[in-house]
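Okay, so here's the structure we're looking at.
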Amino acid sequence: MKVLWAALLVTFLAGCQAKVEQPVEPETEPELRQQAEWQSGQPWELALGRFWDYLRWVQTLSEQVQEELLSPQVTQELTTLMDETMKELKAYKSELEEQLSPVAEETRARLSKELQAAQARLGADMEDVRSRLVQYRSEVQAMLGQSTEELRARLASHLRKLRKRLLRDADDLQKRLAVYQAGAREGAERGVSAIRERLGPLVEQGRVRAATVGSLASQPLQERAQALGERLRARMEEMGSRTRDRLDEVKEQVAEVRAKLEEQAQQISLQAEAFQARLKSWFEPLVEDMQRQWAGLVEKVQAAVGASTAPVPSDNH
């Protein structure tokens with residue numbers, strides 16, 4: 001009887017374990033498929049795949065991971081992988097923007113805005129992963145010597161959510177980049193078509209000119225030389241007439257300028273004479289008054305000097 005109960009208990013536990021582990025497999029299947037696509041895609045996808053592999057390793061929460069999470073090594077490596085991913089993504093985006101030059105400005109701006117938003121979401125997802133690991137390290141260090149099972153469970157749950165969000169945003173970014181690339185290809189094809197449309201009339205004109213030259217080649221050389229001489233003569237006469245007209249205009253303009261200069265010089269001369277006369281009328285009375293004062297002063301000085309040199313009468317008489 002005990003053996004029967006033991007067999008039933010083992011069967012029940014095995015069934016429970018199968019029910020618990022069963023939902024995990026479909027969850028990781030798209031992730032593995034997405035990882036395989038990244039490893040065979042663009043350089044930015046390869047860099048994101050390396051970030052993804054590192055995140056899967058961290059999510060195992062093995063003993064080695066637990067030890068390294070207590071040091072900044074994990075976050076430093078994640079930062080390096082993040083920077084590498086964003087750098088490759090920006091380079092790929094710049095390459096696509098160069099190919100989008102023939103596309104309309106409005107379309108290019110809209111695609112660029114959507115791609116920047118998707119790129120920002122992917123960067124924010126990776127930044128959340130790093131921030132969560134930094135927070136976990138701080139919490140573990142604060143609970144040193146205590147049980148961290150609850151912290152590990154919370155971290156595992158957060159990492160699963162962040163990984164799903166990262167997968168979703170990376171897939172969205174891939175789709176938008178595909179649209180971006182399709183727009184670049186379409187723009188390049190439109191550019192080629194536009195060039196072909198512009199070159200078509202030129203080619204036709206060249207064909208017409210070639211036909212005209214061929215027909216002219218059949219004419220006698222003397223007739224063509226005579227026609228060319230007449231055209232040159234008419235052209236020279238036209239240029240000579242224009243030159244003479246231009247010279248006449250220049251002469252008239254020079255005469256007008258000379259007349260204006262002479263008139264201005266005469267006006268300036270009259271103004272100078274009037275100003276000189278005005279100055280003379282101002283200063284002549286002043287000069288005459290100064291001369292009179294000076295003469296009076298000289299007379300007074302002479303009188304004073306004469307009085308001082310007169311002989312003094314003697315008292316002997």
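Cβ from N, Cα, C; glycine included.
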Of 44-56, 57-69, 278-290, the range Swiss-Prot labels region 'Specificity for association with VLDL': 278-290
M143 (methionine sulfoxide): tally of other CB atoms within 10 A of its CB: 12
Residues of the parent chain within Cβ reach of the repeat '4' (146-167), under 8 Å, 6 or more residues beyond its termini: 30-31, 34, 52, 55-56, 58-59, 61, 66, 122, 125-126, 128-129, 132-133, 136, 139-140
Counts by DSSP class (helix H/G/I, strand E/B, coil) across the repeat '3' (124-145): 19 helix, 0 strand, 3 coil
Counts of helix, strand and coil residues, the repeat '4' (146-167), according to DSSP: 19 helix, 0 strand, 3 coil
Stretch-averaged pLDDT - the repeat '2' (102-123): 79
